[in-house]
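Reviewing the structure listed below.
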Amino acid sequence: MEPAGGGGGVSSSTDPRSTYVLSNLAEVVERVFTFLPAKALLRVAGVCRLWRECVRRVLRTHRSVTWISAGVAEAGHLEGHCLVRVVAEALENVRILPQTVLYMADSETFISLEECRGHKRARKRTTMETACALEKLFPKQCQVLGIVTPGIVVTPMGSGSNRPQEIEIGESGFALLFPQIEGIKIQPFHFIKDSKNLTLERHQLTEVGLLDNPELRVVLVFGYNCCKVGASNYLHRVVSTFSDMNIILAGGQVDNLSSLTCEKNPLDIDATGVVGLSFSGHRIQSATVLLTEDVNDAKTVEAAMQRLKAANIPEQNTIGFMFACVGRGFQYYRAKGNVEADAFRKFFPSVPLFGFFGNGEIGCDRIVTGNFILRRCNEVKEEDLFHSYTTIMALVHLGTSK
């Protein structure tokens, strides 16, 4: 989605009146441009100064979060992962210019079965090739954060009211595209476990908005390669540095970090660490609920959703997140699938839902809306934030569209 280089004039056979209108009347040009996707707008921005200014104004009006998802229907082709193919096609028609992208894909096909059995060099090459292919589809200035997990939760493209799908096994993925939103700052962060230096400097946390930031509202946090020695303790150490603030904290443990374009050095697929996104801005409202082990049928799941509904988070311009344990899902609900995602849809009919099945969950019951906080972070013990055999459901509202 890069701007095309310079201009190209209008053909001499063009109607002179049309040429005059499209070269001089900004209102008309802007109206025409509202029908074009972002990629086409970036191409025509190089034609002349008038068109460039019109493109800038039109893109400023496109501020809604967009998503691209790939599920069972898109899987099964031999030419690469389904998410790469679907993103390449869908970006031709996306109307926003993404500034930050969060994508998640299933581990089994993003990293092939043969490579998972121990061919480390092949695994590293394949993982990075797939991740690089995906990253190259987005603008160079776009910050891309990508992780791979055992299972994926996606809402099909087209409408936020589409039925979300819990895909516990199989090729799948999604990409959340965040444009630049007035009054909201989204920052990726990454802390790599270094056995020689486990100290987290205050400036590292401040630079990514996790400390000394009165507008911090939400942190999505993910520990990767947590099966390795010391990795889980490192995740606890990182989270403890900002968990006592009045913010929403949600996430979990995933298999691997596959993309982080803001990093200067190539990612080491065998490293362990903590990665995520911080959301800052007074317009943000958010809430989370924890579905504990005793939430094990449709009735108790719906009771949890009622608690989330009671937070009264606006549904417009809101994203739902579901971070579940791999031990839940189909087998946990006595061979009944999609129980939690369906319950979410029942109570939030127009909010798209995304997430994963992972190896541990982070979060608790909490509401952050304006100056009101239910169950302040400093009232929650650290062990109450880390769970297994649970699900974290979260709502993140990014302000009313202007």
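A Cβ is built for glycine as well, from the same backbone N, Cα and C atoms used for every other residue.
According to Swiss-Prot:
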type	residues	note
MOD_RES	M1	N-acetylmethionine
DOMAIN	18-70	domain 'F-box'
MOD_RES	K193	N6-acetyllysine
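Mean model confidence for the domain 'F-box' (18-70) is a pLDDT of 82. Across the domain 'F-box' (18-70), DSSP classifies residues as 35 helix, 5 strand, 13 coil.
Within its own chain, the residue listed as 'N6-acetyllysine' has G230, A231, Y234, A271, T272, G273 as residues 6 or more apart in sequence whose C-beta sits under 8 angstroms from its own.
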